[in-house]
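Among the features that Swiss-Prot reports, active site, proton acceptor is placed at H60, with the record citing similarity to another entry. The active site, proton donor annotation in Swiss-Prot covers Y129. Annotated substrate binding site per Swiss-Prot: R21, E26, Q45, V46, N47, R57, K70, H116, E140, K165, in sequence order.
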Amino acid sequence: MRPLSVQGAWLSETRAFADDRGEFQELYSARSLRGALGYDPGVAQVNRSVSRRGVLRGVHFAQLPPSQAKYVTCLSGAVLDVVVDIRTGSPTYRAWEAVRLDDPHRSLYVEAGLGHSFMALTDDAVVVYLTSQGYAAGREHGVHPLDPDLGIAWPDGIEPVLSEKDRQAPGIAEMERRGLLPDYEECLAFRRSLCERGTG
């Protein structure tokens, strides 16, 4: 587990074991995650998406608490996966980091309170993500992924394909004005409570 530049985001790289029968790989290890985070976020739901080239999903997040941590793996094809610091008061507020996921040996962990988005770089890009909480429509929010205030460097030469919901999402300044973004100190307090309990 390697921490990324946005606090609360981690890159996990796992090994595969191959022989003449094929290959075996451990995609997710609660022990490894607990060792890095200090708590086990738990798995409440497993989601799978299949996207054609150019599909752009996000920037999504859920209200805190409990919000929704994600463990993201691209099983086939390729995506540019982006974590965004949308926590007001954070020293890296509005910062983002992009990771190309095109190998199931690499996964991205996105802590509760952070924003998450990805663009499919190929057709039939299959992404599986484990979430610490189930989907709760009334607590789900989004920031427009093409918001110039975020300035995410999506790949040139690929026309973004957005859902109507994501296309209508406000920019980060408007979300901050509405008071809908997570607060950094509240996120830290929530994280401390998880560490004290040892689980999400």
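FYI, residue positions are counted from 1 along the chain as it appears here.
In case you wondered, yes, glycine gets a Cβ from its N, Cα and C as well.
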List of residues, in chain order, with Cβ under 8 A from that of Y129 (active site, proton donor) and at least 6 apart: V46, N47, S49, K70, Y71, V72, T73
Maximum Cα-Cα separation in Å among residues R21, E26, Q45, V46, N47, R57, K70, H116, E140, K165, which the record lists as binding substrate: 45
The one of R21, H60, K70 whose CB sees the fewest other CB atoms within 10 Å, among these recorded positions: R21
CB within-chain contacts under 8 A for E140 (substrate binding site), separation at least 6: H60, F61, A62
Cβ contacts of Q45 (substrate binding site) (under 8 Å, same chain, 6 or more positions away): L130, T131, Q133, G134, Y135
Other CB atoms, at most 10 A from the CB of N47 (substrate binding site): 13
